[in-house]
């Protein structure tokens with residue numbers, strides 16, 4: 001928005017905005033309808049015939065609403081909200097897990113079919129109605145007002161554990177100011193005058209030991225809480241303080257923060273990419289990424305995970321997209337915004353994946369060389385003791401400069417000569433680069449184990465570690481700004497103590513899997529249905545034409561009407577079948593004795609807690625529907641905002657003054673905006689419903705009329 005616009009001028013001329021970006025998810029700020037004007041230049045309360053089919057509570061005039069200082073600030077806010085930690089570790093993990101380049105094909109297809117259209121839908125609805133996720137759906141269709149409440153519930157669940165990850169990043173950030181890095185080597189345990197490597201670390205690795213034992217100090221199961229981890233508790237407190245400071249003044253503060261938090265990660269990713277490409281083996285990792293396993297494209301699970309990732313990558317259903325867009329001018333080109341932010345999000349995922357695979361390619365080469373050296377030493381020992389005949393060693397092999405190919409040639413010869421039992425006793429391992437590249441590490445493990453291990457081999461490793469974890473803090477902060485207020489931060493810290501117990505990592509995994517996936521898919525499906533089927537795609541397309549000045553391509557009509565709902569329904573059904581009928585719910589628990597993770601099943605109480613998260617997020621949908629269906633909860637369509645009442649009283653005073661001065665009633669301003677009824681599906685008859693209050697008209701708000709404040 002230009003800095004000399006009316007809305008911005010009003011923002012600078014009045015008192016500072018204290019409303020947070022996410023406050024529209026709960027409490028709507030009253031609007032002054034007296035001063036609002038439609039963008040078509042009409043007088044307040046006047047609408048052009050046949051225009052504005054989807055009611056706009058205000059317009060682009062001076063309605064007292066906070067506004068973005070400029071378009072760049074808004075785009076950075078949307079990018080910061082949608083681009084998060086999932087782009088850095090979840091997308092690369094899924095790409096590695098599901099066949100490299102073969103995963104990119106379904107991802108791009110689903111991004112085009114459901115990602116961009118639904119992202120455009122949320123942007124358009126928020127900008128047109130200029131309210132948050134609760135107010136928007138109350139306004140479009142009151143009986144589905146629970147959509148916004150469910151979004152708020154999911155935001156709360158995700159925010160609780162998401163900031164724990166930021167806390168982990170803060171801990172690693174401060175630990176990075178050491179050389180060598182504290183996770184570079186296994187610690188020593190002293191037994192009298194004799195030093196020995198910590199057994200748990202020796203069985204796993206230095207980075208795994210630092211993560212599970214020194215950072216999390218994790219218990220062996222979710223049943224054993226182990227008490228609070230004081231270091232993680234302080235890190236979590238620091239994370240919430242940072243978020244609180246970022247949102248304390250709403251979009252005036254968070255908008256400025258976005259300039260740094262949205263742009264800095266790209267600087268770091270580009271630096272890592274350049275540095276990674278200079279490392280030995282980086283090309284091997286990138287080639288592995290783009291080498292498609294075509295048979296994986298026939299696996300339904302690959303398509304389901306691609307759809308879920310598209311869904312989460314753009315932040316659909318969280319309400320933040322709607323809240324941010326509600327601060328725009330009514331004629332802002334949200335169609336361009338949707339395409340731009342979606343492309344930036346996808347490019348960011350590809351960039352992060354290139355960085356990850358370059359680093360993993362380097363790590364795979366380091367680990368492969370280590371494997372060759374360790375097993376070559378075993379073979380030399382067997383040659384010296386006569387266990388293995390020297391005649392089995394090809395003459396061209398030089399043990400002082402042994403390549404992976406030479407070692408595997410020796411390995412295959414020894415394997416051919418020795419029988420299975422005798423070969424097994426030798427304890428030799430294959431050292432294939434492909435095997436190292438195929439070792440998928442999910443989620444937090446990618447950042448706090450695989451990446452940290454690779455950085456220990458970087459020159460100036462503390463510098464790169466500081467940059468990497470500072471980037472993670474900024475990525476997490478950009479997403480958290482869109483969903484939290486100051487009060488929420490204080491409450492969420494105490495609720496978040498659940499995740500900083502010694503068993504807290506297991507609860508993070510539970511919330512990540514159960515609190516958002518299925519509920520958000522249902523929320524977005526209902527958003528799609530309420531606009532495309534209840535309100536009407538034809539009307540919505542007309543609204544967009546009135547708002548944007550052009551009619552969007554018919555591609556959006558068919559995706560909103562048929563394609564997106566069908567894909568979302570299939571995704572929901574597949575998720576329910578997998579969750580409740582195919583896969584036994586479990587989690588990866590750390591075994592101190594074995595120095596590795598093992599799969600454990602959730603105990604009954606934990607499983608009940610996981611399902612309760614889903615139920616709690618979805619419960620507002622039927623409650624609000626039934627309450628308004630049976631007139632137990634008013635939709636608030638007959639309630640005026642405070643600012644509107646003040647404006648109307650001022651108009652009445654002006655009206656009295658005009659009559660006192662002898663002016664005719666024709667010159668007097670209207671004490672209230674002109675009302676236009678919401679039209680039913682037929683478009684010609686006013687929808688009626690006796691369920692809302694004493695009026696025979698439905699609770700759908702009228703064009704130009706002030707809607708209720710939630």
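Cβ coordinates come from backbone N, Cα and C, glycine included.
Looking at 602-627, 628-653, 654-679, 680-705, the range annotated in TrEMBL as transmembrane segment turns out to be 602-627. Matching 42-63, 306-327, 372-393 against TrEMBL, the residues noted as transmembrane segment span 306-327.
Cβ neighbour count for residue 479 (Na(+) binding site): 25 (other Cβ atoms within 10 Å of its Cβ, all protein chains included). Of the candidate ranges 146-174, 263-286, 306-327, 306-327 contributes the most Cβ pairs within a distance under 8 Å of the transmembrane segment (104-125). Within its own chain, the transmembrane segment (339-360) has Cβ neighbours under 8 Å at 75, 78-79, 82-83, 87-89, 91-92, 95-96, 108, 111, 115-116, 119-120, 266, 269-270, 272-273, 276-277, 279, 282, 285-286, 288-289, 313-314, 437, 446, 450-451, 454-455, counting only residues six or more beyond its boundaries. Long-range contacts of the transmembrane segment (306-327) within the same chain: residues 21-22, 24-25, 65-68, 74, 77-78, 81-82, 84, 86-87, 90-91, 94, 98, 103, 106-107, 110-111, 114-115, 118-119, 122-127, 129-134, 136, 148, 151-152, 154-155, 158, 251, 334, 337, 341-342, 345-346, 349, 479, 482-483, 516-517, 520-521, 523-524, 527, 567, 571, each at least 6 residues beyond the stretch ends and with a Cβ under 8 Å from a Cβ of the stretch. Cβ neighbours of residue 83 (Na(+) binding site) (same chain, under 8 Å, six or more residues apart in sequence): 262, 265, 344, 345, 348, 475, 478, 479.
The Cβ of residue 87 (Na(+) binding site) has 25 other Cβ atoms within 10 Å, all protein chains considered.
Looking at 74-92, 146-174, 514-535, 555-582, the range that has the most CB pairs within less than 8 A of the transmembrane segment (602-627) turns out to be 146-174.
Taking all protein chains in view, 25 other C-beta atoms sit within 10 angstroms of the C-beta of residue 345 (Na(+) binding site). Contact between the transmembrane segment (230-251) and the transmembrane segment (146-174) is supported: at least 3 Cβ pairs lie under 8 Å, counting only residues 6 or more apart in sequence.
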